[in-house]
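Comments concern the structure below.
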Amino acid sequence: MVWRNCVVAPITEELVFRACMVPLLLCGGFKIYNIIFLSPVFFSLAHLNHLFELHQQGRNFTRSLLIVGVQLGYTVIFGWYAVFLFTRTGNIVSPIVAHIFCNIMGLPVFSSPQKRGVASVAFLAGSLSFFWLLFPATSPKLYNSRIDQCSCWHGYCRWS
């Protein structure tokens, strides 16, 4: 299960939903910001199978729906980030590594009263650092990106 969730699924999902879907949408004339915000919906809906898995495990349907609803929400948010990484860096390795890391780490847990303060400060510091470094750390120049040489991406992936 760990192999599937932390290696196989991230690689195959990024190949399908980023490496295949994003260039097709770009070549189809979609604007980059529409692709960033809309294509992750398909990625998120591909996780509906978890609803059936929970049902097979005998979970209450309402509770299963709530769990899967939260999963769909954070997969859309992660999908925004993954499409951003892919279009910004020009390579599929960035979103694959981010996806593997995300699956290993999971959502932050704030339930322990003893660790809640430390976890909250770490979460806040990490979030601020993430947004502060988002554009500098994903500069196409850092990745020797050749997005300007691709006829489909030419003119679509300008960030400045």
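Note that Cβ sites are derived from N, Cα and C of the backbone, with glycine treated the same way.
If you check TrEMBL, you get these features:
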DOMAIN    2-105  domain 'CAAX prenyl protease 2/Lysostaphin resistance protein A-like'
TRANSMEM  32-52  transmembrane segment
TRANSMEM  64-86  transmembrane segment
TRANSMEM  92-110  transmembrane segment
TRANSMEM  117-135  transmembrane segment
Reported mean pLDDT - the domain 'CAAX prenyl protease 2/Lysostaphin resistance protein A-like' (2-105): 91
Best-contacting stretch, by C-beta pairs under 8 Å, relative to the transmembrane segment (117-135) and drawn from 32-52, 64-86, 92-110: 92-110
Summary of DSSP states over the domain 'CAAX prenyl protease 2/Lysostaphin resistance protein A-like' (2-105), given as helix, strand and coil counts: 90 helix, 0 strand, 14 coil
